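S.K.: The structure that follows is given in the form of structure tokens.
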Amino acid sequence: MAGGVVVNAAGGKTYPGRMTPFVFFTCLVASSGGLIFGYDIGISGGVTSMASFLKEFFPSVYAKAAANKDTNQYCKFDSQLLTLFTSSLYLAALATSFVAASVTRVFGRKWSMFCGGVTFLAGSALNGAATDVMMLIMGRILLGVGVGFANQSVPLYLSEMAPAKLRGMLNIGFQLMTTIGILAANLINFWTAGIEGGWGWRIGLGLAGVPALIITLGALVLPDTPNSLIARGFNDDAKAVLVKIRGTDDVQDEYDDMVAASEEANAIEHPWRNILERRYRPQLTVAALIPFFQQLTGINVIMFYAPVLFLTIGFGDDASLMAAVITGLVNMFATVVSIVCVDRLGRRALFLQGGTQMFVSQIVVGTLIALQFGTAGVGEMSRSNAWLLVLFICLYVAGFAWSWGPLGWLVPSEVFALEVRSAGQSIAVCVNMLLTFIIGQAFLSMLCSLKFGLFYFFAGWMFIMTTFIALFLPETKGVPIEEMNLVWSRHWFWGKYVNVDTQHGGASPRSNGV
């Protein structure tokens, strides 16, 4: 040990750092960006199951949804226009992610979060006042711009502010806020569905402005990250922020490494071109495939369409919304498990356990639906079987909430070198939003075509992605971001792509004077 720096398990350096009140406050405020993402996921699924909303904007869907049990249950809600209402947000977020990458790099993480809050606020106002489908979709596009900015900047902000040994826990605050947003939306759906006059959905859509206002005002009071301040030439401010978030004046070694990483980053004129180089191939592959796989777990079809799904399998209106509240509670509390365990057990252990649990749950859910509705989709599920189905959906949601949910945002945000970090995060967000859009747009048609086989489809992907993690993801817990290349250089497969002698943070501990 020298100057407060110790050698970590990856052979690199670990800097001093603890949970100070300042770092807790900044990460708590920044992670509130997850509220807007989660609230939208929960609220959109709820309003699309409300008869008053469907009757006003999607009358043909309302007519099918009101049909009796002799109708094919798999196809009751199949409407491309209805799914476009939900999934248009993610197409807008996909396009925005590229603009957000430049804003995040040039103006800083905090102003990217501010842009996300403002545009989401505008979208919520437009949706709450909508009088036709076009207004709804335009509002969704503005919401998507907000999500694109927030999902680009918040995970980066959290990873850069947190001490290495607490990075997983603090970064997962984003996912915890997402689950709180989902739960709040489910509770609001349950409350507003009973409002006389059928206008309760307006309250639900309009209240999206509350989390938007939180992140908008929060971004104004937050400092930017030391990494971002150094990259933009505010070195003195960066060191002052670093001292505050680490809770010690002994930050010179970490500060020097940040400056060195920034100098290398500034020498990179074309990060979008450089990220395609061989030396970044491991990080790029993992950061693209993890969000790709995250959506193919099938989680968003559960969270988007939970009330619709529960209506489909025989729950009444109120019961379907209550079942969605139950899954929202499970989602939130299981995310707390991840916060407690991620920096103790590591990323790989949670990925592997959660993936296995989700695989089994999807198989059971598909089988229960198959036994009840067969391929014809005609029938009515008994109360006991319906609640058994809810139980396994909850086990599935719990597995996601402590593995692929939070880690799908954490791992891509921590694996890239500074010079390509914004570009890498943008790619991760883009892949996530693209797959979310595709799955969201296709789900109801896939349910109509594949029937119970849809759940086997997602189970098959769970097997593939869990195998990928077992073979190709190195453990990154406790490793400073500036030292991450050492992890890749020592991996059995990725080591042939990463030459640590040519990259910052890649020199051996001895050559770093440790």
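Cβ atoms here come from the backbone N, Cα and C positions, even for glycine.
Straight out of TrEMBL:
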type: DOMAIN; residues: 26-477; note: domain 'Major facilitator superfamily (MFS) profile'
type: TRANSMEM; residues: 22-43; note: transmembrane segment
type: TRANSMEM; residues: 81-104; note: transmembrane segment
type: TRANSMEM; residues: 136-158; note: transmembrane segment
type: TRANSMEM; residues: 170-193; note: transmembrane segment
type: TRANSMEM; residues: 199-222; note: transmembrane segment
type: TRANSMEM; residues: 286-315; note: transmembrane segment
type: TRANSMEM; residues: 321-342; note: transmembrane segment
type: TRANSMEM; residues: 349-374; note: transmembrane segment
type: TRANSMEM; residues: 386-405; note: transmembrane segment
type: TRANSMEM; residues: 426-447; note: transmembrane segment
type: TRANSMEM; residues: 453-473; note: transmembrane segment
S.K.: Under 8 Å between C-beta atoms and at least six residues away from its ends: which parts of the chain pack against the transmembrane segment (349-374)?
M.R.: 73-74, 297-298, 313, 338, 341-342, 381-382, 385, 388-389, 392-393, 395-396, 398-400, 402-404, 407, 451-456, 458-459, 462-463, 465-466, 469-470, 473
S.K.: Would the transmembrane segment (321-342) count as touching the transmembrane segment (81-104), if touching means at least three Cβ pairs under 8 Å and pairs must be 6 or more apart in sequence?
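M.R.: By the criterion, they do not touch.
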S.K.: At a C-beta cut-off of under 8 Å, are there same-chain residues at least 6 beyond the transmembrane segment (81-104) that contact it? List them, or none.
M.R.: 40, 44-45, 48, 54, 57-58, 61, 111-112, 115-116, 133, 136-137, 140-145, 147-149, 151-153, 156, 228, 304, 422-423, 425-426, 429-430, 433-434, 436-437, 440-445
S.K.: By Cβ distance under 8 Å, which residues at least 6 away from the ends of the transmembrane segment (170-193) in the same chain are close to it?
M.R.: 23, 27-28, 30-43, 45-47, 50, 154-155, 158-159, 161-162, 200-201, 203-204, 207, 211, 303, 306-307, 317-318, 321-322, 324-325, 327-329, 331-332, 335-336, 338-339, 342, 401, 405-406, 409-410, 413-414
S.K.: Give the mean pLDDT for the domain 'Major facilitator superfamily (MFS) profile' (26-477) on the 0 to 100 scale.
M.R.: 84
